[in-house]
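Annotated features, as they stand in TrEMBL:
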type	residues	note
ACT_SITE	HIS120	active site, proton donor/acceptor
ACT_SITE	HIS190	active site, proton donor/acceptor
COMPBIAS	20-31	compositional bias 'Basic and acidic residues'
REGION	1-71	region 'Disordered'
Amino acid sequence: MTAAPLVGYSSSGSEDESEDGTRSRPGDGSHHSGQTPLPRQRFPVPDSVLNMFPGTEEGPEDDSAKHGGRVRTFPHERGNWATHVYIPYEAKEEFLDLLDVLLPHAQTYVPRLVRMEAFHLSLSQSVVLRHHWILPFVQALKARMASFQRTFIGLEVTSGHAQFLDLVSEVDRVMEEFDLSTFYQDPSFHLSLAWCVGDARLQLEGQCLQELQAIVDGFEDAEVLLRMHTEQVRCKSGNKFFSMPLK
């Protein structure tokens, strides 16, 4: 496996942002003829009451201000859980050292780039699951993941591409069972290092990517550094995480 090529890409996918709305209802009480109706007054609900029922079907409320301005790609509805299937990448110190060199250089072209907090390789798009679908969905995934072997990835997959396609095929079959969107046609598997709001491909493509690739190629032990054993597939649904071990 050679050192992984770097890629710049844009995506319409984003983190979820919830919006709460309140609706007032006119009073329907009656009053005696000739009397002025008493004004209605709303009193705040005590926190002790509001926190009595934490175990609802709602996914966690999200605030776009906490995620660099990213907004949801589908409307918020009670009981809807954003769901994503992926392979986690546990970054070692040497990988973070490489990222510490790559990111500042990329930020000279796109200053708003933000370092990823965690690293993964996607096997699905973000889809919406109803709360009561989560466990059957994960059980179906586990059944299809049970027979797969470990493989290797870099920044962009340069080996094991066929095995990843096999994994995606099985994930897609589960998506179809639940009438959900399947993965992209002819996907390019990659490990995201940083992100920013908006489409910055014009700034990243060309000279910037060439310079970043030169940094990767010249980094000590880059070929070994950018390999990893994949031991599990994960599914994140709302604030719940599920792991499916691979053989």
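Note that Cβ sites are derived from N, Cα and C of the backbone, with glycine treated the same way.
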Separation of alpha carbons, HIS190 (active site, proton donor/acceptor) and HIS120 (active site, proton donor/acceptor) (Å): 8
Cβ packing number for HIS190 (active site, proton donor/acceptor), 10 Å threshold: 18
